[in-house]
Amino acid sequence: MSSDIRKWFMKAQDKNGGAAKPAGTTALAKKPVLSIPEKPSAAPSMAACDQDCSARRKTSKYFASKTEKEEDTSAGKGTGRGLPKRKLQKVSDELEDDMKPLPAKEVHKEEEDDDDDDFVAPSKRKTPVKPPPSKKLKGASTAEAHGKTGLDDDNEDKMDEDAKTPSKASGSGRGRGRGRGRGGRGAGAAHGKTIGLDDDGEEDKMDEDAKTPSKAAGRGRGGASGGRGRGGGGRGFMNFGERKDPPHKGEKEVPEGAPDCLTGLTFVISGTLDSLEREEATDLIKRYGGRVTGSISKKTNYLLADEDVGGVKSNKAKELGVPFLTEDGLFDMIRKSKPAKATVAKHQSDKNSEKQQKSPMKSSPVKVERRDGNQITTGKNISPKSNKGSASIDNQKVNIVDRGSLQWTEKYRPKVPNDIVGNQSMVKQLHDWLRSWEDQFLHSGQKGKGKKQADSGAKKAVLLSGPPGIGKTTTAKVVSQMLGLQAIEVNASDSRGKADSKIEKGVGGSTSNSIKELISNATLNYSNNRLKRPKAVLVMDEVDGMSAGDRGGVADLIASIKMSKIPIICICNDRYSQKLKSLVNYCLLLNFRKPTKQQMGKRLMEIAKKEGLQAQENAMEELAERVHGDIRMALNHLQYMSLSQSVVKYDDIRQRLNSSTKDEDISPFTAVDKLFGFNGGRLRMDERIDLSMSDPDLVPLIIQENYINYRPITVGKDDSGVKRMNFLARAAESIADADIVNVQIRRYRQWQLSQAACLSSSIVPAALMHGNREILEAGERNFNRFGGWLGKYSTTNKNIRLLEDAHSHILASQQANLDRESLRLDYLTLLLRQLTDPLKTMPKDEAVQKVVEFMDTYSLSQEDFDTIVELSKFKGHPNPMDGIQPAVKSALTKAYKQGSSSRVVRAADLVNIPGMKKPLKKRVAAILEPVGESLPEENGVASSEGDEEDSSDAENNDELVPGDTKPKLDLQSDKKKGIQVQLDLKSNGNGLNSKKMPAGRSKASGSAGKAAGGSGGKRKR
């Protein structure tokens, strides 16, 4: 596709197969003009437009006035390719030219319409009137330079637009965008362009070369919003995806038209419109019965755009011959569809007169009105029918009453698989699995002729997963009924815990016992009398809800699947739930998806028609989109609306579901993307609060981690970066304020400040920084990172815990008396040198022996060794373990483990008390009594229990009493947290728990004291 759109018009696209063209056409008409394809009769023709419409259109900045065109053509007269550089006009002159009244045009009226509605090729234009000779000569001078004839003046509009906005032509990226610059390919979006199809003249290229002689933009006009190519430069990808605000937003009055004036028409919206947002234009089209799609196809009637941005949609529309339509053209189409007031009044009077004429001729049949399922009969005369006819009416009345009392979700529940909306492939897989279940798992053991062995990959159960309301349970029931199976449903309202071990309770026990009896007893389904009792299938609904109330339910369900003799269908919403982590290994996984809005809209239209509701198709599609594919919820809304109205329009759906829309779960990353997106500034305050409070813990952390990567769209072109830094400072200050508020919430339980914290931590930074995300370092991925604070906080707590362990071990060794801070700042470096330097410089055996002795001296374990090394690592500094050979490391580990059996342990948490199977969750501190009181009691206890004590031990204890006093005094007087001894004191004789009595009175503490005295305060394990 050439970059010059006019070349497309100059190509000989003869659709008549070489037939002779009609005579009487001028040179201007020789171009192949797009003709409007056959459209429904409801679409009004856009060929002609009155003078008021054209005058109103000229107020848009995308169309130049007549005076500007004459000045441009006179300036370019006879210049050929070497056009002089135009001077920039002042803003006041632009406004004056735009606001000048248009002169009356008589001769060139048809061409005015062509200029105004360039996107809509008129079908009624046959022979346009030739312009005056002077104007023709002016246009001819430029046309001769290009070798073309009959071109419009829209290229001058483009030149004026470039002259008014010269800054948009710059860019420093090597983006091979689809820009129209010299050397570029395609059509970019960096410049505002006129709406005409013939706006790609060579003049704008020459103007661009004259204004921007430097080729910093690379291949193509790779400006700030330059094409969609490889924008690898500093500014080439800056504003990609940005949708600018309409230039005349809210300045035009939205017209009113006939209710269904756009019925049967399909629109595609492209670019930025003149006064409407894209969402507003979509709502306007759907309100009058039109359809809006996202891509161009053969069924598209119009491409709605106020400027030809030259994207994929524009090129596709030109290839398929889809006419272009401006916003003003859409307004005219709607406005002309509304009849005049006099016509409406006359039509209403005629309608009333017809009713009056027909009313006496009608018989008075029985009128049946439905109000909440009740029938009200009005009128006394009954049409002359037989008794049979009246009886049929009575029967019909009774049936209507019975069916009217049902909810629509039950009334229109699918009866056959073809009635299920969407997921037909999943229905087919479930049908095939159920049909072949008996052959695979019941008869597979029979080695008869022609019997297939069971497939090793086959599953005895199936797991249906998907959002609620899309037909999972209905699918299970319908398919089971179709195959002649009796579906036994067990949902979340039933007790589904672990079955009783005493299975003899059988069906007389709990629901779990009944299920176990059902799946394990073959006589229930496979007895001799099979015809009287149908085969069964167990439907376990909402298995992801088997939580605390159903203890052991999932494990018992897995055991039931293994031994089951009937098919089991499990249904859940979230197949990735942790509760189902083990269940998915035993089930065939079938993932149900949400049906499309077109599928749901078609089904809802059928139901509305059966219920006598007049509903628009786009209204039903909007309802399907608002409920996120939940057809059950859509039917409930539709039934509720049918009680108060008989016609459901698009606006009715929007008005009802704006306040009662279905909630959906969104991740914190999705919430941050919406807050910081280009449309984040258009969100209402309640929407921002909902997004921020979707996860009040993670959303602020993700925002704090990523807000500096966003370039705000509100700062515009900021070469110096001062505006962006100002916004960053304000956002950082708001986050700091939120941290102060969050401390009050978390520490002092001031939860009434939650909204203030939400405002400061999420809403204010997002309002300041929403825009395009960009990378700040080479190699960085351009997506939101997870909050780094959580990982750093966890690492900090782990390091503090490990340092506390090493601190307690060093204190217990009695080689140093220091606090944790001194250990980290002063001693850790010295300890690291003593542990690593010998391994680097000395021979292996000597180094290993020295390091092990040093570790024994300070009661350091291997975990402490790793802690000291890990805490001594710093970014940008070498690893302390560098230079140590792997053989030396393995020798050190081996030597330390060899001496562990005889190693002296001085820390209380390393003491292994005999008889204690596992450590207690809450250890009790041993009570160390004064020496003067504990020794007599201890000796007394030893003498009273002499049958269990050796006399030699008692003698040694008496001898070591003077040496036993010093360690006990040190332990009692030292208040350090690290040397608090924690033991599980138990008595061996009478089974009493010594935690309930003083440590000095127990036998265990007495023996502990003896051992401590014998080893000089050291205990051997």
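Heads up, the Cβ atoms here are built off N, Cα and C, so glycines get one too.
Swiss-Prot lists 1-259 (among others) with the feature region 'Disordered'.
Taken from Swiss-Prot, the feature compositional bias 'Basic and acidic residues' applies to 90-110 (among others).
Residues or ranges marked as compositional bias 'Basic residues' in Swiss-Prot: 123-138.
Marked as compositional bias 'Acidic residues' by Swiss-Prot: 197-207 (among others).
Annotation comment: Swiss-Prot describes 219-236 (among others) as compositional bias 'Gly residues'.
The compositional bias 'Basic and acidic residues' annotation in Swiss-Prot covers 241-255 (among others).
According to Swiss-Prot, the domain 'BRCT' annotation covers 257-347.
Annotation source Swiss-Prot lists region 'Disordered' at 339-392 (among others).
The compositional bias 'Basic and acidic residues' annotation in Swiss-Prot covers 347-357 (among others).
Feature annotation from Swiss-Prot assigns compositional bias 'Polar residues' to 374-392.
Here Swiss-Prot flags S465, G466, P467, P468, G469, I470, G471, K472 as ATP binding site. In the shown protein chains, 24 other C-beta atoms lie within 10 A of the C-beta of G471 (ATP binding site).
Summarising the annotation, Swiss-Prot assigns region 'Disordered' to 931-1021 (among others).
Taken from Swiss-Prot, the feature compositional bias 'Acidic residues' covers 945-958 (among others).
Annotation source Swiss-Prot lists compositional bias 'Basic and acidic residues' at 965-977 (among others).
As annotated by Swiss-Prot, compositional bias 'Low complexity' applies to 999-1010.
Residues annotated as compositional bias 'Gly residues' in Swiss-Prot: 1011-1021 (among others).
Broken down by DSSP into helix, strand and coil, the compositional bias 'Basic and acidic residues' (241-255) contains 0 helix, 0 strand, 15 coil. When the domain 'BRCT' (257-347) is classified with DSSP, helix, strand and coil residues number 37 helix, 12 strand, 42 coil. Note: the ATP site is recorded as S465, G466, P467, P468, G469, I470, G471, K472; in the same chain, N573, F592, K594, D630 also have Cβ atoms within 8 Å of that site's Cβ centroid. Counting only same-chain residues six or more apart in sequence, the Cβ atoms lying under 8 angstroms from the Cβ of G469 (ATP binding site) belong to V627, G629, D630, I631, R632, M633. I470 (ATP binding site): 23 other CB atoms within 10 A of its CB, across all protein chains. Within 10 Å of the Cβ of G466 (ATP binding site) there are 22 other Cβ atoms, across all protein chains. All chains included, 14 other C-beta atoms sit within 10 angstroms of the C-beta of P468 (ATP binding site).
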